[in-house]
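Trainee: Encoded as structure tokens, here's the structure I'll be asking about.
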Amino acid sequence: MGVITAHCYCFTTVGSHKPYLSPSSHNFRHSPSVSLSSSSSSSPSPLRRISCQASSAPAAESTLTAKVGNGLKDFIHIDDFDKETILKILDRAIEVKTLLKSGDRTFRPFEGKTMSMIFAKPSMRTRVSFETGFSLLGGHAIYLGPNDIQMGKREETRDVARVLSRYNDIIMARVFSHQDILDLAKYASVPVINGLTDYNHPVQIMADALTMIEHIGRFEGTKVVYVGDGNNIVHSWLLLAAVVPFHFVCACPKGFEPDAKTVEKARKAGISKIEISHDPKEAVRGADVVYSDVWASMGQKEEAAYRREAFKGFQVDQNLMDAAGSKAFFMHCLPAERGVEVTDEVVEAPYSIVFPQAENRMHAQNAIMLHVLGK
């Protein structure tokens with residue numbers, strides 16, 4: 001069983017184009033499920049008015065105690081778990097994927113369970129992969145889009161967490177602010193899965209690791225070179241490198257490096273080789289995987305023209321893949337802007353594994369959901 005560590009991220013501004021995130025230790029786990037069985041007492045206790053403001057801290061602490069006591073977990077950061085647990089989840093993903101691919105539909109561990117999926121940021125892959133996977137394993141998923149729920153605006157996140165916990169067995173959220181996912185996990189009495197924040201994208205990296213195991217035979221000890229913006233995908237690769245040993249290189253323009261504290265955390269773990277490079281051709285030499293993502297993420301589209309200029313020379317094209325060598329695979333978390341960060345030729349090449357990678361979102365997430373629910 002993995003060791004679970006909680007984190008808090010404080011946001012301050014560094015430069016003009018991205019937040020600087022400082023991780024600090026913070027214990028935030030959760031509260032007991034409420035029994036619906038009738039009380040043995042002959043008369044009900046008198047009702048009292050409870051102040052949400054006054055009770056927020058004790059409630060969060062009791063949520064932590066109960067969630068841990070019930071064997072439930074959150075999936076917020078890759079490095080909340082140890083290497084043994086990460087590999088165990090990936091093994092389970094392969095096992096359940098094989099079962100589903102065989103056409104067997106008798107494995108239904110989520111029968112009678114519901115999941116709320118909060119989407120502050122829309123996503124085809126995240127919605128369909130979670131909803132389909134949960135359904136195939138017997139559960140029912142509920143989509144909550146920006147018009148259904150506005151955490152921190154129409155309703156406080158701590159209230160959303162408590163309400164949804166009383167309706168559901170699990171909550172998945174894809175949000176902008178990393179603090180939103182931390183608050184959901186803090187106040188929810190059911191497991192919370194991070195479907196993406198501006199800081200990290202742990203479910204994607206689990207799918208990536210699964211894809212590498214299938215195509216390379218392993219991901220431990222490989223060389224992964226990410227070419228592009230030092231964004232949430234990079235942060236998740238760095239957090240994985242703090243748990244599992246491999247060689248990770250982020251090749252990005254100056255001024256677009258990943259969060260310095262996260263880089264330092266990965267280096268301090270002392271198990272992986274971590275490099276930040278500004279020379280993509282040199283960086284990709286000997287790579288097992290060349291990885292790319294959009295240059296302007298959701299919420300940065302007004303910077304698209306500026307970023308295209310800044311990222312000249314960082315497009316993944318055939319010349320760059322040739323520099324990587326014949327064993328290199330190409331990966332992309334999608335959606336891709338073909339002709340911008342990657343050429344159409346590379347996406348469609350035999351060494352491109354972007355579509356198996358996309359499929360593995362569902363299989364990796366199925367295993368994550370099984371793990372957090374103690375199945």
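Numbers here mean position along the shown chain, with the first residue as 1.
In case you wondered, yes, glycine gets a Cβ from its N, Cα and C as well.
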Trainee: Starting from the carbamoyl phosphate binding annotation in Swiss-Prot that includes Ser123, Met124, Arg125, Thr126, Arg174, His201, Gln204, Cys333, Leu334, which of Arg92, Arg307, Arg361 is the extra site residue?
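Mentor: Of the residues offered, the record points to Arg361.
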Trainee: By Cβ count within 10 Å, point out the most packed of the binding-site residues listed: Ser123, Gln204, Asn232, Ser297.
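Mentor: Top count of Cβ atoms within 10 Å goes to Gln204.
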Trainee: So if I draw a 10 Å sphere around the Cβ of Asp293 (L-ornithine binding site), how many other Cβ atoms end up inside it?
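Mentor: Summing over all protein chains shown, Asp293 (L-ornithine binding site) has 24 other Cβ atoms within 10 Å.
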Trainee: What is the interatomic distance between the Cα atoms of Cys333 (active site, proton acceptor) and Asp293 (L-ornithine binding site), given in whole Å?
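Mentor: With distance taken Cα to Cα, Asp293 (L-ornithine binding site) is 6 Å from Cys333 (active site, proton acceptor).
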Trainee: The record names Ser123, Met124, Arg125, Thr126, Arg174, His201, Gln204, Cys333, Leu334, Arg361 as the residues that bind carbamoyl phosphate; what is their largest Cα to Cα distance in Å?
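Mentor: Max Cα-Cα spread across the carbamoyl phosphate binders: 15 Å.
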Trainee: Given the binding-site residues Asn232, Asp293, Ser297, state which is nearest to Ser123 (carbamoyl phosphate binding site) when distance is taken between Cα atoms.
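Mentor: Comparing Cα positions, the candidate nearest Ser123 (carbamoyl phosphate binding site) turns out to be Ser297.
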Trainee: Out of Cys333, Leu334, which of the recorded positions is least crowded by other Cβ atoms within 10 Å?
Mentor: Leu334
